[in-house]
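So that you can see what the record holds, here are the features copied from Swiss-Prot:
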type    : residues                               : note
BINDING : Ala166, Asp169, Glu171, Glu176         : Ca(2+) 5 binding site
BINDING : Asp209, Asp211, Ser213, Lys215, Glu220 : Ca(2+) 6 binding site
BINDING : Asp239, Asp241, Ser243, Thr245, Glu250 : Ca(2+) 7 binding site
BINDING : Asp282, Asn285                         : Ca(2+) 1 binding site
DOMAIN  : 190-224                                : domain 'EF-hand 1'
DOMAIN  : 226-261                                : domain 'EF-hand 2'
REGION  : 1-138                                  : region 'Domain III'
REGION  : 139-153                                : region 'Linker'
REGION  : 158-324                                : region 'Domain IV'
Amino acid sequence: YPNTFWMNPQYLIKLEEEDEDQEDGESGCTFLVGLIQKHRRRQRKMGEDMHTIGFGIYEVPEELTGQTNIHLSKNFFLTHRARERSDTFINLREVLNRFKLPPGEYILVPSTFEPNKDGDFCIRVFSEKKADYQVVDDEIEADLEENDASEDDIDDGFRRLFAQLAGEDAEISAFELQTILRRVLAKRQDIKSDGFSIETCRIMVDMLDSDGSAKLGLKEFYILWTKIQKYQKIYREIDVDRSGTMNSYEMRKALEEAGFKLPCQLHQVIVARFADDQLIIDFDNFVRCLVRLETLFRISKQLDSENTGTIELDLISWLCFSVL
């Protein structure tokens, strides 16, 4: 299942020293890998059986040697075969195999046999000689565009549209925004949506509300409109099966297209928060996720002016940010 296999956790194994005793006459580094399912007794009491599990071991390409912050993509696994695999995928508590490989760097990828199975596990690696093991994951990055636009960017047609939508007060509230976006999405056949929830509209307004009015003026609405068009473009391009929705395994690529690189742990949280019980993410939840991420990254950047990677919050600040 290439669409989802690459989303599994990835572990770097660095084999540095060959075995001293080459019993079979073949040089290399001997090591054991054990993949163990956790909490299965508890799950069995709930009527769930063991998952069918196994793993693959891939040689790290020369151009990526020495890097630990790159989660290998779907394209890598489509173009590279496993150097070794577990003997079988089987529904046992532990899968254990012995291997011998030349010194070098390898990626270990555990997985269930069937896609979209969630499970807890631990991995044990024993080597005859010195070796190093660590998790491989993306560094946290956000490429944020400036939330600004000049008056010259806004054409007369958009000004007339805004005046028609905003009414006498020349501002758009979250409730008015919800009505506008519902009409827009109702005309689209390539995106399945019941419209935007009022919660999503509120966080969009909050992100761009520069004067604290809880409404959007002309320039603010123009910036938001531009963002929504960008989000629509990403959503359509990532929806490769043309279902009008997005599968959870497509979300990681979509976030990267939107400028966010996130570790696996955070991707798991995002899927749990924004996907439905069929692991589908609709356009409303996709936009809500992007807006929340952008808002949190901007807050972090503002509070961490020296780019240390840490921030300090007092209780009231934490509570205010938590209700975003």
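Every residue, even glycine, has its Cβ placed from backbone N, Cα and C.
Distribution of Swiss-Prot features across the structure.
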{"residue": "Asp169", "record": "Ca(2+) 5 binding site", "CB count, 10 Å": "11"}
{"residue": "Glu176", "record": "Ca(2+) 5 binding site", "CB count, 10 Å": "19"}
{"residue": "Ser213", "record": "Ca(2+) 6 binding site", "CB count, 10 Å": "13"}
{"residue": "Lys215", "record": "Ca(2+) 6 binding site", "CB count, 10 Å": "19"}
{"residue": "Glu220", "record": "Ca(2+) 6 binding site", "CB count, 10 Å": "22"}
{"residue": "Asp241", "record": "Ca(2+) 7 binding site", "CB count, 10 Å": "10"}
{"residue": "Ser243", "record": "Ca(2+) 7 binding site", "CB count, 10 Å": "12"}
{"residue": "Glu250", "record": "Ca(2+) 7 binding site", "CB count, 10 Å": "21"}
{"residue": "Asp282", "record": "Ca(2+) 1 binding site", "CB count, 10 Å": "19"}
{"residue": "Asn285", "record": "Ca(2+) 1 binding site", "CB count, 10 Å": "21"}
Original post:
Quick one: what's DSSP say for Thr245 (Ca(2+) 7 binding site), helix, strand or coil?
Top reply: coil
Original post:
Distance between Asp209 (Ca(2+) 6 binding site) and Asp282 (Ca(2+) 1 binding site) at the Cα atoms, whole Å?
Top reply: 25
**OP:** Pick out which of the binding-site residues Asp211, Asp239 has the most other Cβ atoms within 10 Å of its own Cβ.
**Re:** Asp239
Original post:
Within 8 Å of the Cβ centre of Asp239, Asp241, Ser243, Thr245, Glu250, which other residues of the chain have their Cβ, at the recorded Ca(2+) 7 site?
Top reply: Ile238, Val240, Arg242, Gly244, Met246, Asn247
Original post:
Excluding Asp209, Asp211, Ser213, Lys215, Glu220 themselves, which residues in that chain have a Cβ inside 8 Å of the centre of the Cβ atoms defining the Ca(2+) 6 site?
Top reply: Glu171, Val205, Leu208, Ser210, Gly212, Ala214, Leu216, Gly217
Original post:
Cα-Cα separation of Asp211 (Ca(2+) 6 binding site) and Glu250 (Ca(2+) 7 binding site), in Å?
Top reply: 36
Subject >> Cα within 10 Å of Glu171 (Ca(2+) 5 binding site) - qualifying binding-site residues among Ser213, Lys215, Asp239, Ser243, Asp282 >> reply: Ser213, Lys215
